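Undergrad: There's a structure below that I have some questions on.
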Amino acid sequence: MPPAAATNLGYEPPDGGWGWAVVFAAFISIGFSYAFPKSLTIYFKEIQEYFSVSYSPVSSMLVNRYGSRPVVMVGGLLVCTGMVLASLGTTIIHLYLCVGVIGGFGLAFNLQPALTIIGTYFQVKRPLANGLAMTGSPVVLSTLAPLNQFLFDSFGWRGSFLVLGSIVLNCCVAGALMKPVNKRAEFEPNKGSPTSRRKVSVEAAAVDFRSQSANPPTKDDTNKSKCQSFVSRYIDVSLFTHRGFLIYLIGNVLMFFGFFAPVVFLAPYAKHQGTDEYSAALLLSIFALVDMFIRPITGFLGNSKWIRPRIQYFFSFAVSYNGVCHLLCPLASGYGGLVVYAVFFGLAFGMLSALLFEVLMDLVGTHRFSSAVGLVTIIECGPVLLGPPISGALVDMFGDYKYMYYACGVFMLVPGIFFFIMHYYNYKKLDEEHRQSMVVEMRISEEVVELKLNQNEKTDNER
């Protein structure tokens with residue numbers, strides 16, 4: 001078994017047991033969060049004709065305050081309420097508010113708590129647990145897509161929304177499974193040997209003395225610290241000074257400009273090359289099938305003793321691999337070439353998706369992950385929303401899809417290279433900091449031993 005990441009949780013995670021039930025619950029929550037909005041596209045055409053229109057960090061705060069279980073359950077109720085109210089809609093604004101706002105909040109309340117709670121149950125097996133949980137997205141999507149078509153043919157979009165509202169209540173069941181971890185192995189400072197207690201007290205006193213002498217408190221600092229403590233109670237803004245978090249954030253912002261567009265335009269690209277609609281849709285099925293199986297495999301590989309200690313390089317490879325696939329896509333000739341591209345793209349997409357949140361947790365630690373994923377999600381909204389329209393504009397401008405795939409390839413390959421370079425630098429700095437901390441610990445141990453010897457000598461002299 002690979003060594004666990006150096007994260008001081010204050011207790012020993014079970015790395016199994018009820019944690020696997022939590023993984024299953026996260027599988028359901030993450031699956032609905034990612035797949036539910038995509039599966040609703042089947043209803044867009046009839047809604048457009050019916051209304052005669054054309055197409056056109058709250059969760060993290062709640063998780064930090066109340067925990068994952070109630071947030072996920074409330075999220076399931078919100079999505080259900082949004083879908084039921086949307087079935088009664090009389091205007092397109094009504095649908096935007098019900099499905100987009102109410103349902104969107106509900107899905108957001110499902111995603112982040114599911115990602116956060118895995119880190120409290122797993123440490124040694126965390127990459128595997130995250131990989132299995134992230135598999136929920138392609139599995140639920142492959143189930144909802146044909147189900148939505150059947151519901152649409154049988155009940156129309158209004159009746160389908162009512163049925164989907166009841167189905168999504170399964171998120172409440174998933175939330176009920178997410179009971180807080182039992183922290184029975186929590187560290188107690190009163191226990192342990194006198195030497196260890198003295199070591200802790202000496203270290204704490206030294207740190208406290210250095211901090212006070214370097215930064216003597218003022219009245220303005222006191223008011224500022226009160227304001228910062230109020231903000232940090234809900235979200236950790238100090239992450240913007242965290243080296244690993246900034247590397248992840250900068251690379252991801254650029255990466256997401258080219259992350260989703262190749263999936264959106266895969267079928268239209270095939271049709272542009274003369275492929276019939278059925279065969280074009282089959283490419284997406286091949287892509288989804290490969291994506292579904294590679295995610296847990298990636299989690300298993302990420303949990304191995306060879307990859308886990310340097311898992312950031314594995315993520316960098318996955319990002320770069322996506323970019324290479326897109327750059328080579330225009331060279332694929334005929335339908336057979338597109339099938340090969342769909343297979344390799346499914347491998348690349350699944351690898352990246354399985355590692356996307358695991359590497360963030362590896363960088364910032366479990367305690368700060370909830371705030372980190374909330375901040376990242378807010379900032380990434382821009383590239384996620386702008387990526388497909390920009391890609392579509394390239395297709396309209398040049399009348400060919402190959403330039404869109406070239407652009408997406410560059411958007412993925414450049415951050416992949418950036419990740420390789422910056423994580424090499426980050427790992428080097430972390431090793432230096434670890435060596436320095438070991439030197440400090442050795443000095444403290446020597447001081448404690450010397451102090452103990454002096455006390456023994458003094459006791460012997462008194463006798």
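Cβ coordinates come from backbone N, Cα and C, glycine included.
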Undergrad: Per TrEMBL, which of 127-147, 190-210 is transmembrane segment?
TA: 127-147
Undergrad: Three or more CB pairs closer than 8 Å, sequence separation of 6 or more: does that hold for the transmembrane segment (245-266) against the transmembrane segment (339-360)?
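TA: They are in contact.
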Undergrad: Would you confirm whether the transmembrane segment (94-115) and the transmembrane segment (159-178) meet the contact rule of 3 or more C-beta pairs below 8 angstroms, pairs 6 or more apart in sequence?
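TA: Answer yes: the transmembrane segment (94-115) meets the transmembrane segment (159-178) with 3 or more Cβ pairs below 8 Å.
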Undergrad: If I count Cβ-Cβ pairs under 8 A between the transmembrane segment (159-178) and each of 17-36, 313-333, 339-360, 403-425, which range comes out on top?
TA: 17-36
Undergrad: Are there at least 3 C-beta pairs under 8 angstroms linking the transmembrane segment (127-147) and the transmembrane segment (339-360), leaving out pairs fewer than 6 apart in sequence?
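TA: In contact, yes.
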Undergrad: Counting Cβ pairs closer than 8 Å, which of 127-147, 278-301, 403-425 has the most of them with the transmembrane segment (313-333)?
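TA: The stretch with the most close Cβ contacts to the transmembrane segment (313-333) is 403-425.
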Undergrad: Do any residues, 6 or more residues outside the transmembrane segment (403-425), come within under 8 Å Cβ-to-Cβ of it, and if so which ones?
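TA: Distal contacts: 247, 250-252, 254-255, 257-259, 261-262, 265, 269, 312-313, 315-330, 387, 390-392, 394-395, 397.
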Undergrad: Should anything in the same chain at least six residues away from the transmembrane segment (127-147) have a Cβ under 8 Å from its Cβ atoms, list it; otherwise answer none.
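TA: Apart from its flanks, the transmembrane segment (127-147) reaches 19-20, 23, 26-36, 38-39, 42, 114-115, 118, 121, 285, 288-289, 291-292, 295-300, 302-303, 308, 311, 350, 353-358, 361.
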